[in-house]
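Trainee: Below are the features I grabbed from TrEMBL:
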COMPBIAS  1-15  compositional bias 'Basic and acidic residues'
REGION    1-36  region 'Disordered'
COMPBIAS  26-36  compositional bias 'Basic and acidic residues'
TRANSMEM  52-72  transmembrane segment
TRANSMEM  92-110  transmembrane segment
TRANSMEM  117-136  transmembrane segment
TRANSMEM  142-161  transmembrane segment
TRANSMEM  182-203  transmembrane segment
TRANSMEM  215-238  transmembrane segment
TRANSMEM  272-290  transmembrane segment
TRANSMEM  310-332  transmembrane segment
TRANSMEM  339-361  transmembrane segment
TRANSMEM  404-429  transmembrane segment
TRANSMEM  452-472  transmembrane segment
Amino acid sequence: MSDEVEKADSDDFKDIGAAGLTDTISMRDDPDREEPRLEAEKSNYFKFVHDPWVQIFLISFISFCNPGMYNALTGMGGSGQVDGTVAANSNVATHACTAGSALILVGVFYKYIGPRLSLLIGGWTYALYSGSLLNYNRTGNGAFVIAAGAILGLGAAFFWVAQGTIMVTYSNDQTRGRAIGLFWIVFNLGGAIGSLASFGINYKSKKGTVTDSTYVAYTVIMLFGWALSIFVSPAGSLNQRYKGYREKEISKLTWKSFKVTARQSLRILLDWRVVCLYPMFYNANVFYSYQQNVVNGATFNLRTRSLNSALYWIAQMLGGFLIGFILDFSLIGNRRNRALWGWGTLFVTGMVIWGGGYNFQVWSDERKAQGIVQTIDYKDGTIYVGPMFLYFFYGLYDSFWQGFCYWIIGSLSRAPAINAVIVGSYSALKPAGGAMAWRINAQAVSPMKQFAMNWGLTIGCLLVALPAVWALPKTETEAIIHEEGFETTDDTVSA
């Protein structure tokens, strides 16, 4: 073993041990010592389930069943209700609780509980939210919907920190874009299929609200996805294709270990490159309230909103593939060049898409002044095509934005515990922005002001993030953010 790793074993691990972020060690080959192999590692089943790409696909499919179905609900405008106020207030509760718990609790404690337990803690709350909407359809109990939204916020924090850490840690600089693209395609397929199902179920509905059977179907799928979480593996259990960081066993959580972990996490969160990305993180969920409740929810009838929601998530799938391709495209050059190409793609398409959105909002305001809302059907010809394509490109841009954020996070460190802290900040700030936006929407702020806020934040956040993008080292294997007790290794997963 290298001198650096031996020193880490003898000094850092002796003094800090399992207390902080020092629970990972290098997996470099040691010619003098052969690691013990468990009998289970000899089986094909173990090798298959613990393959990094299988794990990335698994977390993608679990996301398909849980937040993917949640997205299908919210994408219909007002979560399928005529009056979207209850759903908007519930989303405020969801985003606010996610913001608080992701940063304060999950990002710090992830190293102690790991990805599987995080997903089991968080996944069932999606089914609870869908069930609350079913209850609202029958009883009109809006308080339960808002409470379920708050509980979902806590669960979503555990879910998204685990998901993000798996996606960016079980891949490397040459494959991270494809990993993000795979996740975005499978994840948003849930929203697309769920929305198409709602389109079929509610095709002849005249009520303007989603039927009970829609919510029942969503709940069953969400519970199935939650059950699949038992097959998720931590980094230390992956097979030999994963040559990154193996997590040491942690005996117990003590006050001393928590203080060390919190102190090291704070240093990571205050790194200037991470700080430059915070506005982008905050803006990642700001889009949704305007796009879903104003553009889709207030413009089209119920069945068309469901169809548009499917197109929105299909656009997300396409966008995830495109941004992943750009960020992995070797002919562009080194890591910094690919990051700058990704940034440029966001800036140019942002100006074009939101510029087209301005024309739509002027037109929509004129219709609203005449009392014309929720009337356009997909069979209405040209009056439908323009707004539909705008909503489609809004979905495309959202996947560009979030895919780029994840890719940058993965470029900052190769250690799961460090990535969990950064993903925790991302998972905290994006719902904080979403809570702000949903609250503004619930307060009936004019659509044009909501639109202007979205466009302005989008471009402003990109400008603030540019120094962090430019600071990325050109060398693929060069680590960026270090912490005590971590040894930097070569890239982790062979494509």
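In case you wondered, yes, glycine gets a Cβ from its N, Cα and C as well.
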Trainee: Going along the chain, which residues at least six beyond the ends of the transmembrane segment (52-72) come within the CB cut-off of under 8 Å?
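Mentor: Tertiary neighbours of the transmembrane segment (52-72) are 115, 119, 123, 126, 129-130, 152, 156, 159-160, 162-163, 166-167, 170-171, 179, 182-183, 185-195, 197-198, 218, 221-222, 224-226, 228-229, 231-233, 238, 241-242, 309, 313, 492-493.
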Trainee: In the same chain, which residue numbers or ranges, 6 or more beyond the ends of the transmembrane segment (215-238), come under 8 angstroms Cβ to Cβ?
Mentor: 24, 49-52, 55, 58-59, 61-66, 69-70, 72-73, 80, 114-116, 119-120, 123-124, 126-127, 130-131, 133-134, 137, 162, 166, 169-170, 190, 194, 197, 201, 244-248, 416
Trainee: Can you tell me which parts of the same chain pack against the transmembrane segment (339-361), counting only residues 6+ beyond its ends and a CB-CB cutoff under 8 A?
Mentor: 295, 323, 326-327, 329, 332, 386-387, 390, 393-394, 396-397, 400-401, 404, 407-408, 411, 447-448, 451, 454-455, 458-459, 462, 465-466, 469-470, 472
Trainee: For the transmembrane segment (310-332), find every same-chain residue at least 6 residues outside the stretch whose CB is under 8 Å from a CB in it, and list them.
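Mentor: Long-range Cβ neighbours of the transmembrane segment (310-332): 68, 71-72, 75, 174-185, 188-193, 195-196, 199, 291, 296, 338-339, 341-342, 345, 388, 391-400, 403-404, 407.
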